[in-house]
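Quick look at what TrEMBL lists:
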- Lys80: active site, proton donor/acceptor (ACT_SITE)
- Gly179, Ile180, Gly181, Ala182, Val183, Gly184: NAD(+) binding site (BINDING)
Amino acid sequence: MKLFSHVEQMGHEQIVFCCDKESGLKAIIAIHDTTLGPALGGTRLLPYEKEDDAFNDVLRLSRGMTYKAACAGLALGGGKAVIIADPSQKSEAMFRSYGRFVESLNGRYITAEDMNTNVANMDHIRLETRYVTGVSAGLGGSGDPSIMTAKGVLYGIDASVKYRLGKSELRGIKIAVQGIGAVGKHLCKMLHDRGAQLYVTDIDDQKLKQAHSLYNATIVTEAELYALDVDVYAPCARGSVLNSSTIPKLKAKVIAGCANNQLEDEEKHAKILKENKILYAPDYVINAGGLINVANELTGYNLEKVESEIARIANTLDSIYIEADKLGLTTQEAAKRFAEKRIQSVANLKTMSSFKHSAIGNIIK
Ligand code: NAD
C-alpha cells in the first residue's frame, strides 16, 4: 500500500503507529482534521485480518468524525483509533500502554469508546492520560451515551417526518426499527411514548418479545422489514443496509436511524434514494447525540446544555434538507457541504501572531 499518497488523498494531518510488545498493543491513531479543535473519536478494537484493513478503517472512520463533529456544532476535530486485537486479548496493561501513546499527543487526540471497547477500558486509559472521555461516573463520566444518541435520532425523525410528510407529530406514524440494541431499545420507548406504530426486527428473539410486550411492536423478519408499507425506516443495527438490493424494495418515505455507514456506496446509493423521493437523514448528522454527550464531559458535564445541543440536530437536518433541495444535491452531499463550510470558515480566520507563539519567541527567551 502507498501509505503517504493514501493519507494525502484523504487529507489527514497525522497518523501514529503504536506498538508495545509487552502488552500486545498494536494500534493506529489517525488525526484527520483539527481546524475546529482537538480530534475526538473512539477507539475500535477488532481482530483485523490484514493490517491494511485496519489502516483503511481508521482513515475512513477518522475522516467521518471530522464531518460528524462539524455538523454537531462542536469545537472539535475528527480522529479515531483502532487496536488490532481479539476482544479476548483485552487487558489493563494493553489499555494503559495505549493511554500513554494518547498522552504523548498532548491533547491533539481525545479518545472514547467504540466497537469492543467500554467504560472499564476507558477508565484504564484514564490512569495514563486525561485525554479520554466516556469514563465511569466515579471518574466524572456520564455513563452509557446510547440514550442520548436515541434522543438525537428521535429529534431527527421529527424533523424528517415534518419535512417529507408535512406532519408535526408522530402519533399514528408507522416506523420500522431495525435493531433493538443499546440505542434501538431507547428509541422504541420514545417513539411508543409519542404514539408511533412500531415494527421491529432483530436477530435476538428475546429483544423482539420484549419490544412486542412493552411497546405493542409488530415483529417482522429482516426481509419483510425492507418491503413494509411504513412511513419511516430506522436502521439501528449495522452498516451497508442501504444498497442495490434493499433500496428497490423500500416503501418508506423517510430513512432516519442511528446505524453508522448506512449507505453501502455513499454517492451511488444516496443518489438512488433521492431519485426514489426517499428522504435520507445522513447517519453522521442524526446519530451525533452520543458524541455530543461525551464531548460535554470534557468541559464539565451539564445535562441541560447536552439536551439543548442534541435538540439542535433537528435544525441542522432541516438546513441540510433545504440546501439539498435548493441545489439539487443528495442529502449526503448537502451534509458534507454543511460540514466543510463550517470548517473552512474557521480555517479562513486571520492569524493573530504573538511573541510567545511565534518563531522568534521560540528562539529568544
Ligand atoms: P448494539 O450492538 O447494542 O445493538 C445492535 C442491535 O442490532 C442488537 O440488538 C443486535 O442483535 C441487532 N442486530 C445485529 N444484526 C442485525 C440484523 N442483521 N438484523 C437486525 N438486527 C440486528 O449497538 P448500538 O450501540 O445500539 O448501535 C447500533 C448502531 O448505531 C451501530 O451501527 C453503531 O455503530 C451506531 N451508533 C451507536 C451509538 C451509540 O451511542 N451506541 C452512537 C452512534 C452510532
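Glycine too: its Cβ is placed from the backbone N, Cα and C atoms.
Within 10 Å of the C-beta of Gly181 (NAD(+) binding site) we count 17 further C-beta atoms, all protein chains included. Sorted by the number of other CB atoms within 10 A, the binding-site residues Gly179, Gly184 start with Gly179, the lowest.
Summary: among the binding-site residues (Ile180, Ala182, Val183), the fewest other C-beta atoms within 10 A of the C-beta are counted at Ala182. Shown in sequence order, Ile29, Ala30, His32, Gly41, Gly42, Thr43, Arg44, Val58, Leu61, Ser62, Gly64, Met65, Asp114 are the residues of the chain, 6+ apart in sequence, with a C-beta less than 8 angstroms from the C-beta of Lys80 (active site, proton donor/acceptor). Cβ proximity to the NAD(+) site centre (mean Cβ of Gly179, Ile180, Gly181, Ala182, Val183, Gly184, cutoff 8 Å) flags the following additional same-chain residues: Ser146, Val177, Lys185, His186, Leu187, Asp202, Cys236, Ala237, Cys258. Annotation note: Gly179 (NAD(+) binding site) sits in a coil segment as assigned by DSSP.
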